[in-house]
Amino acid sequence: MTNVPISRLRNFCIIAHIDHGKSTLADRLLQDTGTVSSRDMQEQFLDNMDLERERGITIKLQAARMNYKADDGEEYVLNLIDTPGHVDFSYEVSRSLQACEGALLVVDASQGVEAQTLANVYLALENDLEIIPVLNKVDLPGADPEKIKNEIESIIGLDTSKAISCSAKTGVGIPEILQAVVDRIPSPKDNTDQATKALIFDSYYDPYRGVIVYFRIMSGGISKKDKVLLMSSKKSYELDEIGVMAPDQVKVNSLHAGEVGYLAASIKAVADARVGDTITLVDRPAEDALPGYAEAKPMVFCGLFPTDADQYPDLRDALDKLQLSDAALKYEPETSSAMGFGFRCGFLGLLHMEIVQERLEREYDLDLIVTAPSVIYKVKMIDGEVKMIDNPATLPDPQKRETIEEPYVRMEIYAPNDYNGTLMGLCQDRRGDFIDMKYITTDRVTLIYEIPLAEVVTDFFDQMKSRTKGYASMEYHLIGYRENDLVRLDVLINSERADPLTTIVHKDNAYGVGKGLVEKLKELIPKQQFKIPLQASIGSRIIASEGISALRKDVLSKCYGGDISRKKKLLKKQAKGKKRMKSMGKVDVPQEAFMAVLKLNND
């Protein structure tokens, strides 16, 4: 199965914005090449997780090998490497691009170029990939392929004279795409005689075989008898099996340069087979690893706590297992007076955080409380020490610190220009600095802002979508740290500080956020048998307060008329009981209350 000459190999991926039809196109390619029979076909075939199908997004990388008979009568092997399209998963995209020689740039013919598409196209151009523009959804009534072609030329600078119009849904244009992959994407370089180097572009955990590693061989070859060495972890393994994804796994005896395959070697943890790492052979090792490997850095942090303290060991096991298939997830144990034992977790972004939470609840049957997300702050202490703080509750007191710096991102928003004003208003509310505004076409505009990451990780994306009826898209990247006048806002429930509700806010916004927070908590925390004071404070200064009135039994219901002193005695007795309850009572805060901090609008 693997005796295909290198000249007849093609490795490519599909670049697209969310909802532009990438997974449907991948399905159609698999079907047209006969890789998957029509009977076995299900929508979004390469999206294996239920969660991916439900949300209609691609999270984990998949790969599939297709055999295709081209117009010249030769049989070609096409390796499709599927990529995620969301900003949180750009690291996964960068790895899969490194494993390819070409890419299909899929653009919705009714919507045009979106921010995410651009970010990934630039990554592809950096990797010198051959890009084939494909206009999808041409069967839609609102499709305007010519206008979109001009847009691609003016924004990206790609020649669209050979752009292919297709409809992945109806199958129009699919044969042309397959032929273009053969004709226009170069075959891999023939480095079979060099030392073996293979790039790991994905790995997942299989409970029976250990970690399954997906790789692309850049030079040399790997056979089943070889002993392999992973260059960054310096660990060596005997191979149990190697094979190709067609798209189900098929064992083979050997693979050579240019091919994409998988291996199983009883590897215990994904941390040992890091994505982006280089595989080489123990007896003929390569001198240096492949370039461009960067460890994924978490941008957003939050606390995860089980609602039932007995589930703490289960949560730890679940996170361990999840990390086996998610190289970007970082976590460490933490405790909180209000919540007990839990974990402080780091994520690539908000979508990544939601997905991890949902997978923990769904696949491991856990009931979780998630605290508000925060970013990493750089705090300079009076004694000159610099601390990196990812948990607002651990921010040092004002008298001990000199300055606080927060991460800033450069954000590009693409939108129809009717929504210009409302988007600029949103960015200003979120402390954004206006940098530039460019008209891409007569009716589409790019807004460029520099904005604190902390303002983006809450509900910026939701707000942007709702203000523009879903038409805007954005892309951002980190540009460094800047000093700001930030304060720690604590929330006191029944005079006890609730750590998970602590946030770091700009001094000018503190009153508004504090007031909004206690008002929201008043709605969400159920009444107890005693009065609960809710307060927002900066240090020892209370800046906003609300109270939840007590539930009270009508102790006077049996007193019909009669002496007032009897009634007073009963009321006094009730008040005394409430006071005792208040000093001993614990307030249960529902999960919605913690999420309220997350969704609390800054406007």
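Keep in mind that glycine also has a Cβ here, set from the backbone N, Cα and C atoms.
Remember, predicted model here, so these are calculated numbers, not experimental data.
In the predicted model, the domain 'tr-type G' (7-189) has a mean pLDDT of 74. The feature domain 'tr-type G' is assigned by Swiss-Prot to 7-189.
Annotation note: SER23 (GTP binding site) sits in a helical segment as assigned by DSSP. What Swiss-Prot lists as GTP binding site is ASP19, HIS20, GLY21, LYS22, SER23, THR24, ASN136, LYS137, VAL138, ASP139, and the listing cites sequence analysis.
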- prompt: Which number gives the other C-beta atoms within 10 angstroms of the C-beta of VAL138 (GTP binding site), all protein chains shown included?
  reply: 21
Field: C-beta crowding around ASN136 (GTP binding site), within 10 angstroms
entry: 30
Task: Give the helix, strand or coil assignment DSSP yields for ASN136 (GTP binding site).
output: strand
Query: So how many other Cβ atoms are close to SER23 (GTP binding site), meaning within 10 Å of its Cβ?
result: 25
